[in-house]
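Here's the structure, in structure tokens; my notes come after.
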Amino acid sequence: MDSYLLMWGLLTFIMVPGCQAELCDDDPPEIPHATFKAMAYKEGTMLNCECKRGFRRIKSGSLYMLCTGNSSHSSWDNQCQCTSSATRNTTKQVTPQPEEQKERKTTEMQSPMQPVDQASLPGHCREPPPWENEATERIYHFVVGQMVYYQCVQGYRALHRGPAESVCKMTHGKTRWTQPQLICTGEMETSQFPGEEKPQASPEGRPESETSCLVTTTDFQIQTEMAATMETSIFTTEYQVAVAGCVFLLISVLLLSGLTWQRRQRKSRRTI
């Protein structure tokens, strides 16, 4: 029964003349290790009146809170009230059917963030005040034009490549959320930034790839030394061969000179 009443409220709100709010069909996109939060809520946003375990809405209580107002002031209509449940099974979920309307959920950020003071803009409501025995998680139904901001959870660091925000837009008659440009990585993974010195690791604690690089470098040095030694030995051998050739040539010249001198001596004797 409560689900049908909520659906009737949604349809009535959308069909009332002058109300141009269009509900977003999907949830804001999810980013690993990040949460999103709205700094302010556009007029037409609805918040389910959910109670924590062991409590339920009072029978005459509102099913949801609605952000309404005019050009100068916006506020939340209705009030959520919870009372103790008589039995465990009397608590009812105040959410529309999945095929009719999906739930909009937000999670508290790890630290406050105020990128834009949207609450001061016309047509926006601030965060609704808490009510007694409220559920731990709030379920919103966002409208077109709503903006949510993303932040990395504790233990992760943001690597911005663009705006860390998402906006619900209407495109070709269908609603869609823009994709936030945010990447969250572990602090250990992003500790090394340009300009930071990387700690020196001992050879024993180095990975196998680094050890193989060291072995390869050592082998290369050994091969270089061997090549240099071989070149030196080759050069020495060539030098020895050249010296031997010069000595052989000198001896040959001396022998030829001796033979020539002997022939001249013989000719001179015959002439006498």
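Including glycine, each Cβ sits where the backbone N, Cα and C put it.
From a predicted model like this one, the values you see are computed outputs, not experimental measurements.
The annotation compositional bias 'Polar residues' is assigned in Swiss-Prot to 87-98.
Across the domain 'Sushi 1' (22-84), the model assigns an average pLDDT of 90. Under the heading domain 'Sushi 1', Swiss-Prot lists 22-84, citing sequence analysis as support.
According to Swiss-Prot, the feature domain 'Sushi 2' maps to 123-186, an assignment based on sequence analysis.
Per Swiss-Prot, the feature topological domain 'Extracellular' maps to 22-240; the stated evidence is sequence analysis.
Positions annotated as topological domain 'Cytoplasmic' by Swiss-Prot, on the basis of sequence analysis: 260-272. Cβ atoms under 8 Å from those of the topological domain 'Cytoplasmic' (260-272) belong to no residue of the same chain, restricted to positions at least 6 beyond its ends.
Residues or ranges marked as transmembrane segment in Swiss-Prot (evidence: sequence analysis): 241-259.
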